[in-house]
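Trainee: Below you will find the structure I want to go over with you.
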Amino acid sequence: MSVEELVRFDGEALGHARHTVLADLTLELRAGERVALLGPSGVGKSTLLAALRRRLGQRAAWCPQEHGLVPPLSVYHNIYMGRLERHSALANLVNLLRPRRDAWRDIQALCRELGLEGLLKRPVAQLSGGQRQRVAIARTLYQAREVFLGDEPVASIDPHQARRLLNMIQRQHATCVIALHQRELALTHFDRVWGLRDGQLILDAPARELTLEDLDTLYPDAHSPDASPEPA
Amino acid sequence: MSAERAPGLLAGDSLNLRLARRSLGLIALCLVLLPFADLAITTHDPWAELGRMISGLLRPDILATQSLPHAIALTIGFALWGTLLGVVLGFPLALLFPRSRLLRGSCAFVRAIHELFWALLLLQVFGLSAVTAIAALTIPYAGIFAKVYAEILELTPRAPVDALPEGVGRFSRFVYAELPMVWARLSSYTRYRFECAMRSSVLLGFVGLPTLGFHLESAFREGRYAEAGALLWVFYLMIASLHLWGHRRLLPWVALGSLFLLGPWPDIDGALLWRFMSVDLWPKPLLDGDLAGLWQWFGEIPDLLPAIGNTLLLGLMGTAGSLVVALLLWPLACRHFGNRPTRMAGKGVLILMRSTPELMLAFIFLLMLGPSMLPAWLALSLHNGALIAFLVARHADAIVPGSHALPASARYTYELLPRLYGGLLALLFYRAETIIRETALLGMLGIATLGFHIDSSFAYLMFDQAFFLLLVTAGLNIAVDALARRYRPREIADTIGEHDRSTGEATC
C-alpha cells in the first residue's frame, strides 16, 4: 500500500535569519495522518508549523493563535477572511459594506456548530479569549483545505470543548498537524506524536505506542506543580 | 579607596540632569538675546484696556453681530471641507510616502507654510471665495495627513497579515487585515485635525474671509468689546461642543448641508491663473535669465536679514517662555495637587488658553500693549505652554504616587517632575516647529517677523517678493524642525511613543 507523502524534511535546519531554532530536522508528514505536536513553549513548534505551511502552500489551512484575528472587524468578516483569495478585490470590498448572502449562510452554519451563534455581527474585540479561539478555528475550517495546521488552537478552551473542536477539525481534515499542550488529547485524538525538546525532534512515534509518562519526558519540569497536566 | 565626592551643581550624567542642562541652556540663550528684542509697551493704560475687554467678556452682546449664524456656518463648512479634501488627498499620498523622497520633501514644504499664508497667496487668484478658504486648509493638511497617516500605517501589527491564506491580493489584504487595525488611530487623529481646522477657519477671517474671525477682528479693532466677547464665547462653545455635533453619523449631513451655504464661488480665469503661477510669482530677472538683475532684485527686498533674525529670536523666546509656563501651570490640572474645584478651574483655564489660537491671543494682547514683540511673546508662551501643561498633567494623572504622603513641593520636585520632565521637553521640541510657523505668521499683526513683509508684499502686489519670502519662511521652518528633532530627548520620545495621542496633539 502506498501512502502519499506530503512533506519531508531531511536533516534540515529551521529558524530565522541568523538563529537556528530546530537543527538537523528529519521527519515526514503523510496524507491521512493526524499529528499532535508537543513540547515546552518556545521550543520551536511555531517555527516547525510555519515551515510546514510554506511547504504545503495552498493545500494547508492555517490556524494561528488568536492574534491573527482582526479585533475591530466582526466575527463574520474575520471568518470570511479564510476565503479572501477566492474573491475579487471589488467583491471583498463590497462584502465589507454588505455581507454576501451565500457566505453569510455558510458562516452562520459554521458558527452554530462552534457555539458562536448570534455573534456574527459582534466585533472580535468584544469576545472572550475562548470565543476568539473558536473564531480562529472557524476561519480555518472555512478555508476548506486538505491539511489543517494549528498553533495551539484549543489552548484556552476547557477539555470537554477542546475534544469536541478537535473532532470537528478532524472530521473535515483527514490530515492535520496541531500543536497542543494537553498531553491526554495527544494520545486520544491523534495517530502520531511529534515531540520537540532543546531544538531537536526527540519523539516521533505512533500515539497508540505511547503513554503519558513518555510524553512527560518532553517537559523539563513535568513534575513541578505548575506544569501538572490538566484534569481530563 | 577615597570617598565619593558629592557632585557639583547640575553635574552628572543622568538623563534628567542632561535634560536640565539642555533646558537651562535654552533659557540662558533666550535671556542673553532678550535685549535685542523690542518689548516696549506703547499704550497709555494697558490695564484699563484689559478691564474693558474683561467686562466685554462678562457682559457679551450676542445680538450685536449681523449675520452671525452665517459666519458660524461658514466657519464650520470651511473647516469640514478643508479637512475632508485634505484626507482625500493625503491618504493616497500616505501610501506612497515611505517610497518617495520627493513626496516627503514636498509634503514638508506645504506643511511648513501656515494656512493663513496659503490663504494670502490663493486670495490673489481666487479672491475672497470659498475656494481660497478651503484650499488654504486642504493644501497644508494634505501634507500633514500624508506624513501622520504614513507614520500610523507603519505601525500596523503584522500578525493578521501573516495569518491570511496564500494568494490574497494587495488590496484585499489592506482593507481586511491592515486598515481595520489602525482605523481607530487614523480617525482619532483626523478628528483632532478637524478641531485644528476649526481654529484655522476662524483665523481665515483675519485675511478678510467672512468667518467668525472676521467679525471678531473688526469688533476688537473698533473697541466693541461686548460684541467681541460674545463672539469669543461663541467660538469657545463651538470648540467645546464639537463632540456633540461632530458625531461620526452627523458629520456627513453637516458636510452636505454646509455645501449649500458655502460661497461665494469665484469665476476662475484659466489664463489669469496660469499667468499668476508662471510669471507673477517669479522674479522678472530670473525669468529673463538676467543674473546681475537678479542680484539687484535681492537687494531690493527690505530688511530680509532683520526679519529672519526677529523670527528666530521670537521663536526662541516663545519656546523658552512655553517651557516656563508649562512648568508652572501643569500642576493646576493634575490630580496630585489641589482639590476638585481648583482642578476644574485649572483645567478650564488651560483648555481656554490652548483653544485660543496664538494669532487671536497676540491680537488681543496687541490691542492692550501696543505693537512690539511683547504681545506675540506672551501669546506664544501662554498658548503653547498651556497646551503642553495640559498634556503633561494627563501623563501625571496616570502616575500612582508612592506610599507615604509628601508635601506638595516635594511631590512636584521629587516624585512627579523627574518622571515627567523628559516627556515635557519632548513635547516642547515637537512644538518648536509650530512655534516658528506661528512666529512668522504673527508678523501679519505688524510685528517685524517674516510674516509682516509677506503681508505687505502681497498688499503692494509684489507677488514675486511675497512668494520668495514664503519660500524663505518654509525653509526656515524646515531647518528649525530639523534642529528641534536633533535636540529632542530621543530616549523619552521613544518611551512615550512617537505616535502617542499627546505627541500627535502637539502638532497643530
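Glycine too: its Cβ is placed from the backbone N, Cα and C atoms.
Here's the feature list from TrEMBL:
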- B:24-43: transmembrane segment (TRANSMEM)
- B:71-96: transmembrane segment (TRANSMEM)
- B:116-139: transmembrane segment (TRANSMEM)
- B:197-216: transmembrane segment (TRANSMEM)
- B:228-246: transmembrane segment (TRANSMEM)
- B:312-338: transmembrane segment (TRANSMEM)
- B:359-380: transmembrane segment (TRANSMEM)
- B:466-484: transmembrane segment (TRANSMEM)
Trainee: For the transmembrane segment (B:197-216), which recorded stretch in the set B:24-43, B:116-139, B:312-338, B:359-380 gives the largest number of Cβ pairs separated by under 8 Å?
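Mentor: Going through each listed stretch, the top one turns out to be B:116-139.
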Trainee: Sequence-remote contacts (6 or more beyond its ends) of the transmembrane segment (B:71-96), Cβ cut-off under 8 Å?
Mentor: 65, 103, 107, 130, 133-138, 140-150, 153, 190, 193-194, 197-198, 200-202, 204-205, 209-215, 234, 238, 251, 254-255, 258-259, 261-262
Trainee: State the non-local partners of the transmembrane segment (B:466-484) in its own chain: residues 6+ outside its ends, Cβ under 8 Å from one of its Cβ atoms.
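Mentor: Distant Cβ neighbours of the transmembrane segment (B:466-484) are 108-109, 112-113, 117, 120-121, 281-283, 301, 304, 307-308, 311-312, 315, 429-430, 432-433, 436-437, 440, 450-451, 453-454, 457-458.
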